[in-house]
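Enquirer: Input: one structure, supplied below.
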């Protein structure tokens with residue numbers, strides 16, 4: 001992308017204007033209520049998962065549910081980085097976001113998003129060990145190792161977010177300042193840079209492509225081995241339980257990775273579909289995760305029943 005013309009290099013952008021999602025004015029109130037409801041349900045649903053994992057001794061001692069609790073925390077945080085600003089687009093409030101606020105939003109978006117990528121990979125690896133190496137599982141994946149791996153995912157995600165934010169905002173921005181998107185993300189912000197962005201676009205493509213593709217391939221490899229192992233289980237009930245547990249995770253991975261690939265491996269695209277696709281994995285996916293893991297996971301449903309029954313007896 002070439003430098004924006006007809007702009008003065010002496011002018012320094014101090015804030016940006018998030019244009020948000022294009023929508024008919026008569027649907028503004030409805031869209032506000034829809035996204036506000038999604039945000040509240042996302043927070044409550046993931047908070048329920050966190051509480052269930054923390055309150056039930058059978059769950060918080062197992063690495064699989066430690067990872068699920070971390071995923072719920074990430075979903076709550078990611079939703080809070082994106083959705084409140086998106087909701088403002090449907091109100092008379094100002095759409096201006098300070099330069100520093102834009103930097104922070106881009107950093108946290110990529111920090112949390114890449115951490116989720118790493119976490120999904122850890123969850124697939126955990127399922128692989130549990131199903132393909134059941135006798136060695138307690139040794140290969142214990143609470144201490146799980147904590148170290150999760151900490152590593154957070155650190156790697158933070159490094160990834162820092163690299164993307166630094167590369168994006170080291171460029172000069174001298175106008176215009178209207179971000180044609182509902183958040184400060186790399187492709188939309190780079191279009192406003194007063195410098196050649198080819199290097200940034202290449203680094204974004206390679207960096208995000210390598211992270212996403214590597215994680216996705218490791219997940220597919222894990223599940224190829226898992227399916228092979230499940231087919232060897234002799235009892236139909238055993239196969240059903242294994243497929244049910246893994247199906248939840250595979251569903252979440254699919255609804256997360258497919259939109260990501262659509263957006264970032266087409267960084268130069270200006271398709272009107274980009275906004276809708278981005279809404280799906282930034283807004284809808286954090287809402288779906290608790291639904292998928294509670295409706296499809298028998299152990300989580302059993303834990304919820306135990307907690308409810310315990311509270312009922314205390315009353």
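Cβ atoms are placed via backbone N, Cα and C, with glycine included.
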Enquirer: Under TrEMBL, the annotation transmembrane segment belongs to which of these stretches: 65-87, 180-202?
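Expert: Going through 65-87, 180-202 one by one, TrEMBL flags 65-87 as transmembrane segment.
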Enquirer: In TrEMBL, which of the ranges 145-163, 297-315 has the transmembrane segment annotation?
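Expert: Based on what TrEMBL states, transmembrane segment spans 145-163.
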Enquirer: Give the one range among 30-53, 107-125, 145-163 whose Cβ atoms make the most pairs under 8 Å with those of the transmembrane segment (277-295).
Expert: 30-53
Enquirer: Hey, which of 30-53, 107-125, 145-163, 208-231 has the most Cβ-Cβ pairs under 8 Å against the transmembrane segment (65-87)?
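Expert: That would be 30-53.
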